[in-house]
Amino acid sequence: MAHYHDDYGKNDEVEFVRTGYGKDMVKVLHIQRDGKYHSIKEVATSVQLTLRSKKDYLHGDNSDIIPTDTIKNTVHVLAKFKGIKSIETFAMNICEHFLSSFSHVTRAHVYVEEVPWKRFEKNGVKHVHAFIHTPTGTHFCDVEQVRNGPPIIHSGIKDLKVLKTTQSGFEGFIKDQFTTLPEVKDRCFATQVYCKWRYQNRDVDFEATWGAVRDIVLKKFAGPYDRGEYSPSVQKTLYDIQVLTLSQLPEIEDMEISLPNIHYFNIDMSKMGLINKEEVLLPLDNPYGKITGTVRRKLPSRL
């Protein structure tokens with residue numbers, strides 16, 4: 001028969017590993033008006049705080065709790081007074097506020113996603129106040145800071161869906177009694193990029209670096225516009241993106257990438273007396289292959 005403790009505060013058999021509380025998905029649209037020229041940042045922000053005391057968990061004592069509604073209001077007010085130059089800077093502002101304003105907060109963790117609005121543009125002329133939603137990659141960041149420590153800053157790209165109709169293959173893999181997959185020299189390659197990297201310090205043009213990483217991802221996936229670039233595996237493309245990124249962007253310390261292999265299969269039309277030469281394909285959402293990898297700069301040799 002199971003035995004239960006009535007006094008959880010005196011339970012010596014468990015210990016806290018990590019605690020936190022906060023507010024998720026606090027949405028803000030910030031408008032910067034410079035005369036008739038307007039700029040916008042729409043974000044969704046999630047904040048988690050860790051407190052020095054655990055008395056709220058142990059005894060139901062809420063005297064140290066900053067209400068999550070207050071956290072939401074703080075995000076709104078910081079957007080007003082600090083603006084949102086970049087989502088990374090905004091996340092650091094939020095961390096700094098809670099750590100400097102409340103001595104019993106020991107850790108602040110802030111995640112921000114930016115809605116992908118792009119200014120209307122035609123023939124090189126930019127509209128002064130109109131924007132279009134362009135879901136060609138979501139900019140996100142993750143900033144964590146402990147008391148008396150520097151902010152640990154990650155940025156990333158997600159929901160960047162790309163496809164090429166050739167210059168991809170998959171050959172030379174292990175074949176056993178359960179293998180039915182044929183080798184292919186030419187196939188469609190489609191994926192939805194998730195990419196996350198860590199900065200070495202905070203003195204970075206975050207917007208420019210994010211754009212540079214996105215350009216590298218597209219460059220290594222697609223190759224030259226007139227002929228493309230062959231990919232022998234998703235793994236090779238993933239690694240090539242990482243190596244080029246770290247070689248060109250010294251402010252980045254490490255990079256994680258996840259590339260699902262989204263399948264498009266040739267539809268068999270032989271029963272209808274037709275030959276389908278990879279012209280009509282069937283998209284399959286799942287199951288799908290998933291390839292991941294993280295690289296970092298090597299530490300200098302001590303020899």
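First residue shown is number 1, and so on along the chain.
Here the Cβ of each residue, glycine as well, is placed from N, Cα and C on the backbone.
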Exercise. Which one of Tyr8, Tyr57, Tyr230, Tyr288 shows up in Swiss-Prot with the note phosphotyrosine?
Worked result: Tyr288
For this session: Can you match one of Asn93, Asn261, Asn266, Asn276 to the urate site that Swiss-Prot gives for Thr68, Asp69, Phe170, Arg187, Val234, Gln235?
Result: Asn261
Exercise. Any idea what DSSP makes of Val234 (urate binding site), helix, strand or coil?
Worked result: helix
Seminar exercise, completed: Of the recorded positions Ser63, Phe170, Lys185, Val234, Lys277, the one whose Cα sits nearest to the Cα of Lys27 (N6-acetyllysine) is Ser63
For this session: Would you mind reading off the Cα separation of His263 (active site, charge relay system) from Asp69 (urate binding site), to the nearest angstrom?
Result: 44
Exercise. Does Ser39 (phosphoserine) have same-chain partners at least 6 apart in sequence with Cβ under 8 Å from its own Cβ, and which are they?
Worked result: Ile31, Gln32
Problem set entry | Separation of alpha carbons, Asp69 (urate binding site) and Ser63 (phosphoserine) (Å) | 15
Problem set entry | Cβ-based isolation winner (fewest other Cβ atoms within 10 Å) among the recorded positions Ser63, Thr68, Ser231, Gln235, Asn261 | Ser63
